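Here the structure is laid out as structure tokens; the discussion comes afterwards.
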There are 2 protein chains.
Amino acid sequence: MFIPAIKGQGTEEQQQKWLPLAYKMQIIGCYAQTELGHGSNVQGLETTATFDPQTDEFIVDSPTLTSSKWWPGGLGKVSTHAVAYARLIVKGQDHGVHGFIVQLRSLDDHMPLPGITVGDIGMKFGSGAYNSMDNGLLRFDHVRIPRDQMLMRVLQVTREGKVVQSNVPRQLIYGTMVYVRQTIVADASCALSRAVCIATRYSAVRRQFGSQNGGPETQVIDYKTQQSRLFPLLASAYAFRFVGEWLKWLYTDVTQRLQANDFSTLPEAHACTAGLKSLTTSATADAIEECRKLCGGHGYLSSSGLPELFAVYIPACTYEGDNTVLLLQVARFLMKTVSQLGSGKQPVGSTAYMSRAEHLMQCRCSAQRVEDWLKPNVVLEAFEARALRMSVACAQNLGKFSNPEEGFAELSADLVEAATAHCQLIVVSKFIEKLQQDIPGKGVKQQLQTLCSVYVLHLLHKHQGDFLSTGCVTPKQAALANEQLRSLYSQVRPNAIALVDAFNYTDHYLGSVLGRYDGNVYPKLYEEAWKDPLNDSVVPDGYHEYIRPVLKQQLRNARL
Amino acid sequence: MFIPAIKGQGTEEQQQKWLPLAYKMQIIGCYAQTELGHGSNVQGLETTATFDPQTDEFIVDSPTLTSSKWWPGGLGKVSTHAVAYARLIVKGQDHGVHGFIVQLRSLDDHMPLPGITVGDIGMKFGSGAYNSMDNGLLRFDHVRIPRDQMLMRVLQVTREGKVVQSNVPRQLIYGTMVYVRQTIVADASCALSRAVCIATRYSAVRRQFGSQNGGPETQVIDYKTQQSRLFPLLASAYAFRFVGEWLKWLYTDVTQRLQANDFSTLPEAHACTAGLKSLTTSATADAIEECRKLCGGHGYLSSSGLPELFAVYIPACTYEGDNTVLLLQVARFLMKTVSQLGSGKQPVGSTAYMSRAEHLMQCRCSAQRVEDWLKPNVVLEAFEARALRMSVACAQNLGKFSNPEEGFAELSADLVEAATAHCQLIVVSKFIEKLQQDIPGKGVKQQLQTLCSVYVLHLLHKHQGDFLSTGCVTPKQAALANEQLRSLYSQVRPNAIALVDAFNYTDHYLGSVLGRYDGNVYPKLYEEAWKDPLNDSVVPDGYHEYIRPVLKQQLRNARL
Ligand SMILES: Cc1cc2nc3c(=O)[nH]c(=O)nc-3n(C[C@H](O)[C@H](O)[C@H](O)COP(=O)(O)OP(=O)(O)OC[C@H]3O[C@@H](n4cnc5c(N)ncnc54)[C@H](O)[C@@H]3O)c2cc1C
Ligand SMILES: Cc1cc2nc3c(=O)[nH]c(=O)nc-3n(C[C@H](O)[C@H](O)[C@H](O)COP(=O)(O)OP(=O)(O)OC[C@H]3O[C@@H](n4cnc5c(N)ncnc54)[C@H](O)[C@@H]3O)c2cc1C
Ligand SMILES: [Ca+2]
């Protein structure tokens, strides 16, 4: 993020000066935005950068305890430089938050420079990976930096202390956000597919109950409850992968447009990536834990790989935008789009369906038999109608408030649900679009069609309340959808292992005894256990000190 | 569990011999049931205990790798004895799984006895607490124990090798299960209230956005999205506490009946505790993680207390019965109850509502205004009708299968949903019953009534699909319920802090910087960070070895 920040917000000269140093690792940089007291609300940051016209410098300062930088990855122990975000103060006037390149440590001996207090913020969730990241804290005590270390692509401070807006539009910053969040969606599909791969393989190895006449027991993957918990996650892993690929395309498209000074699709693209970041990371975090539970007791062992995958993954729900805050942004965009529907302004991109509002507000789902729920157009219309009706209902309810901001606050829980419905529609429609393309490999397309239907119908079942209350689907149709879903599970079952093998993860990368490609789980679990340092001695270290006195009743000074 | 097992399954003499040793800690025992290959399916355990009439002993053996005992808490390093479950083999005949007291380690030097291989199973989820528990593995190589170390309350093996059923009914074992699971429900309410206390207090401390004219920002607890995520969890903490108290009563009641040889309520009590164990532990595990997310980035710090609370809590969803397996047992019980409805056999206890099947199958919810959703009878009837209709629908669908077991397997995902609806009804009805009693303290009852309505209406909203598809509630009525829920949140808000203070947890017990009673969060977070060992040195230990060579481009043998 140090490098993208300089790329996005630095001038040409700044990029030429700093990027090579960072690329060659002659300096190590971090992205220092969040403070102890401010994360989501970036505009509320308290660190100040005050221009001193006498010396042509900025004085960077942490005026309060809550203004201490807090969380930046790499800040605590490793970084020599930071892009620090601070309020720009010129001639007593506050010009809002901007980025400043600040050197933190000496390049000779790594000692913090004068005025800099820097350290690690301490232990985090999990026993491993994320704790090897030195998320840090940082305080500035009137630290002076040259004027040209303010990132000045958008706003400039001149030698004379004039604050000048450049002709580069502020919106460019959103381009960077689209980029970062798009990579987060790709990461979600990756983390999810790892967890699903482990749980699926182990579910085929694990047998429990159901032995007949002394034969082998049932593989737990054959239980319908296991399938109904696992296969939607498998389908989601594919769904997120496809929507991630599409987002990558969207980012390229937006970038090209920005270069041509076309900002028309930016708000939609921004809402779209924000919403998909929220949807995919929340779903993935939940799914990893569900996969762990699907592995029964053994999923709780570190050697299953799932605990650490969870611990390392979950902050994705919080960083780069808290998921609830992001959905509220999506909802705001949707309300704006709905309010403009009558005005002739055509909704674009992922909101294009809203232009068919008249139809979608009154259409009736045509599904009459279970097979009808396999038809892409039936499904798509149901999801479009649901999303639109939920947005329109919110907009109508908002209209009852005299103060729109008050209404938005009051109805925000409903608005989040409408935003979720919209984001789910995007994932569904991109999955369906993907299947309209040529897909190489014999039978692959058919498998993906099955997974697509699983993805769609499990969402429909999970959010049945939305579909029924908006009248998009009747109870009878919902029951048919559920019946179809059940029979799809039986179709996924024989290919489940192939579908996770297709992710092509090595055992080393998966890092899970339960998810081994060869299925040789039990001997390896047993082997792994003996590697634990606790097993180096037969009689445990604390025996003489703690256990023996208890057994021999020699607790002279017992404190019980 | 070592002690309850001996109490429940040991004869009088066995209890007299072993319990005092265990109470005085002259021996340390563990409960060794689960094996590498078998957890849920206890009847599938592979360890054998073969009677040797020549020496009047049992030979305990682990014939396969998968028969290794695996998971028992305290087994790895500390225990000297175990109640080990093994297949009783007498004269070549397999008499199923029974408990045997086996000494594992010498009482002199704690060395494992001949034929015993014992060790720790290795690292588990989390960085702290559960890893200090030595869940262990254990293999027997033809270990001989005297005949009187088989727990013989229910089944006896005589000197001559006769296998005799005692007159003590087998069902007694269910009594122990009711006991253990009832304590798990109480623990759920405790863990949940801790998490909710932390998240609620911090939500009142944390301010983000919404500053007007430079005034303070909005406390995040004032955001409706935060309330709609947090307050239902607060209400659940109270709900689980009350249902836990009721279960304690139920256990006493069952015990008294068992002593009077009345087994009539046992199946219902067993289903009830199994279902509530599943419902409360699943909800609590999810809720702890939601509370962590509600704390934003800082919830990810170990010092928030939430990561370790989660890591230590979650196995409750798996041990003492995997939650899905338990719900399937509840569903089986419900199907049996439904099938007997016509037969004159009256459903008892938590299924008593089913006797009003005729009414509940066709009743219509009377709610016409938002306030109607505060009426206990309106709510209760809606939940009863939903639960019953879901069970009846499953029973009807089961009837379409010629093989009932096949039908049960095929429909098991729906059956789990019906079981969940039934269990939620129990919690709802016990909350309502509690409020019909006298409750001391001015205004307390009114607060609890508000929480009860929050609990009920958030469930109704979350499972709207169930209520709508079964026709228990119309879309219009569901919308009214949601509106009522929103206004209840505003009523909870002013008392939210008092409602968590009422749990009466000390800061020490909570173990959370975010959840401090005095709200002094930021200075303490800052203080806490400096205690991390990483901060003992200003220049980190690895600087000369790892960081400097990178910065100084001295990577002679760079492997990049
Ligand atoms: C592992 C990790 C790595 C990180 N790395 C970096 C880094 O490298 N650099 C950096 O600068 N930062 C980093 N961060 C910080 C991260 O960006 C913030 O934690 C994140 O932006 C969330 O902000 P917050 O912590 O202030 O949450 P808060 O905003 O305090 O959230 C608390 C609660 O309030 C709610 N809430 C907040 N505002 C609103 C609103 N307007 N309406 C409704 N609800 C609201 C949220 O939904 C949440 O439930 C990292 C964080 C973590 C956990
Ligand atoms: C922290 C911890 C402490 C423990 N302490 C002890 C202890 O002290 N003593 C002891 O003996 N044991 C102990 N255990 C073991 C524990 O009791 C088992 O892990 C538990 O019973 C679950 O069984 P399992 O692991 O075999 O899960 P499995 O049965 O293998 O579950 C795997 C998956 O299969 C599914 N499944 C299984 N059967 C069915 C079915 N019939 N229908 C549908 N789905 C099914 C489950 O829902 C799950 O999703 C402990 C476990 C843990 C995690
Ligand atoms: Ca850990």
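Using the three backbone atoms N, Cα and C, a Cβ is placed for every residue, glycine included.
Under the heading active site, proton acceptor, TrEMBL lists B:Glu320. Feature annotation from TrEMBL assigns FAD binding site to B:Thr34, B:Gly73. Under the heading domain 'Acyl-coenzyme A oxidase N-terminal', TrEMBL lists B:1-28. Among the features that TrEMBL reports, domain 'Acyl-CoA oxidase C-alpha1' is placed at B:174-335. For B:376-552, the entry in TrEMBL reads domain 'Acyl-CoA oxidase C-terminal'.
B:Glu320 (active site, proton acceptor) and B:Gly73 (FAD binding site) are 13 Å apart (CA-CA, integer value).
The secondary structure of B:Gly73 (FAD binding site), as reduced to three states from DSSP, is coil rather than helix or strand. For the residue listed as 'active site, proton acceptor', the same-chain residues that are 6 or more apart in sequence and have a Cβ closer than 8 Å to its Cβ are B:Met177, B:Val180, B:Arg181, B:Ile184, B:Lys277. There are 19 other Cβ atoms within 10 Å of the Cβ belonging to B:Gly73 (FAD binding site). Long-range neighbours of B:Thr34 (FAD binding site) (same chain, six or more residues apart, CB within less than 8 Å of its CB): B:Lys69, B:Trp70, B:Trp71, B:Pro72.
The average pLDDT the prediction assigns to the domain 'Acyl-coenzyme A oxidase N-terminal' (B:1-28) is 94.
DSSP states for the domain 'Acyl-coenzyme A oxidase N-terminal' (B:1-28), grouped as helix (H, G, I), strand (E, B) and coil, give 20 helix, 0 strand, 8 coil.
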